[in-house]
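Inspection log for the structure reproduced underneath, given as C-alpha cells.
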C-alpha cells in the first residue's frame, strides 16, 4: 500500500518530455533555405604573394571560422593542413646517427637563419643546446656531444636586381674558435 502511494506521487511530480525537440515547421524552413555560395578559397598551390594570404572574412553579424579569419603564416598553415602538407616541416631531426663533418645532419630552412636544438647522441643524452646556422655559416657543431648540423637553404634565391643595400645593417658575426682553425684540420 505504502509503495503504490509513493509511485503515484513520483509519477505526478515527473515532467513529461516533449516528443519533438523542435517543431517541424522550423525544420522545413531550414531545409528550404537557400544556401549562399562559399567564396573561393585559394589552394596552397595558388598562393604566390603575401596578398594571397588574406581570407574573405566573415559575413556581417556572424562569427568567423579560423579559415575565414586567419591571415599570413597562420592562414598558410591552415591551407597546408587542409591539403595534408606540413608547411613548417615539424618532424624531429634525424637522431638515429651522429652527425659528422663528412656526413652532417641536414636541417632544411627557408630563411636566412635557422635554430636547431641538439639533445645529444644517443638522443636525450644531454639538455637541449640551441645552435644557430646561417646562410653564410651553414655548419654548426654541438659543443657538448660533437654532433654536426648543416643548414640546407630551400627558400627563394636572392634577387639583387633591385637591391641597393638599404637592408644592410653592418652587423658582422662574431668570430669563434672555428674561424682560427687551419683548413687542413677540418
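Glycine residues also receive a Cβ, built from the backbone N, Cα and C atoms like all the rest.
Database features, via Swiss-Prot:
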- 1-31: transit peptide (TRANSIT)
- 118, 126, 142, 145: Zn(2+) binding site (BINDING)
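Taking the features listed in Swiss-Prot, we show where each one sits on the structure.
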{"residue": "118", "record": "Zn(2+) binding site", "DSSP class": "strand"}
{"residue": "126", "record": "Zn(2+) binding site", "DSSP class": "coil"}
{"residue": "142", "record": "Zn(2+) binding site", "DSSP class": "coil"}
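Sequence-distant contacts of residue 142 (Zn(2+) binding site), defined as residues of its own chain at least six apart whose C-beta falls under 8 angstroms from its C-beta, comprise 118, 120, 129, 131, 148, 149. Report note: the Zn(2+) site is defined by 118, 126, 142, 145, and the residues of the same chain whose CB lies within 8 Å of the CB centroid of those residues, excluding them, are 119, 120, 121, 125, 129, 143, 144, 146, 147. Residues near residue 145 (Zn(2+) binding site) in space but far in sequence (CB under 8 A, at least 6 apart, same chain), listed by position: 98, 118, 120, 121, 125, 126.
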